[in-house]
Amino acid sequence: MQLKRVAEAKLPTPWGDFLMVGFEELATGHDHVALVYGDISGHTPVLARVHSECLTGDALFSLRCDCGFQLEAALTQIAEEGRGILLYHRQEGRNIGLLNKIRAYALQDQGYDTVEANHQLGFAADERDFTLCADMFKLLGVNEVRLLTNNPKKVEILTEAGINIIERVPLIVGRNPNNEHYLDTKAEKMGHLLNK
């Protein structure tokens, strides 16, 4: 186990009341959060979203990505379902950090795509570690999920880490003229499933 569960509190939102659960990485002290809606116990697979932190999309309403749209759509679907989990994975910019993400944006403004920009900065296309999320699910007592994602690599890594993904639920929202190239690159170079 790479994490420990350290704190929890009620979090009222426009979608209803969630239980916010805080986790701390044992090796680094970095924190991550789960938002739990309704009763997630039992044997029925839970609707879940692993959402990687995106300050620009989630809090600053950037149209360069689909992250903020996905966050809102996931919370809406979880609330409509009556139970579910959103893991807020604190690995900004596919885990290159906020300042490097801004540098990557500047490279994209010069014509590089999102993958090329990461490579120009010395990073892989995706630096995230989703095994942390498998540990978060396990600490919440959940082993079977219906995962809201367009990323087959996320499904693969969580499955290898012991989470039974019963169904991949597409989450295709937020395409606009500002992020079309970004989304097309994610589909073409990173294998994201954005046409279903």
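Placed from the backbone N, Cα and C atoms, the Cβ positions cover glycine too.
According to its DSSP assignment, T149 (GTP binding site) is coil. Under the heading GTP binding site, Swiss-Prot lists R49, V50, H51, S52, E53, Q70, E92, G93, R94, T114, T149, K154, citing sequence analysis as support.
What Swiss-Prot records for C54, C65, C67 is Zn(2+) binding site, and it gives sequence analysis as the kind of evidence. Cβ neighbours of C54 (Zn(2+) binding site) (same chain, under 8 Å, six or more residues apart in sequence): S62, C65, C67, G68, L71, E92, G93.
Here Swiss-Prot flags D126 as active site, proton acceptor, drawing on sequence analysis. Long-range Cβ neighbours of D126 (active site, proton acceptor) (same chain, at least 6 residues apart, Cβ-Cβ under 8 Å): R94, N95, K153, M190.
Feature annotation from Swiss-Prot assigns active site, nucleophile to R128. According to DSSP, R128 (active site, nucleophile) is assigned to coil rather than to any helix or strand. Long-range Cβ contacts of R128 (active site, nucleophile) within its own chain (separation 6+, distance under 8 Å): S52, H89, Q91, R94, N95.
Between the candidate binding-site residues, R49, H51, R94, the densest Cβ environment within 10 Å is the one around R49. The Zn(2+) site, placed at the center of the C-beta atoms of C54, C65, C67, has further neighbours from the same chain whose C-beta lies within 8 angstroms: S52, T56, G57, D58, S62, R64, D66, G68, Q70.
Each of the binding-site residues C67, T149 was scored by the number of other CB atoms within 10 Å of its CB, and the largest score is that of T149.
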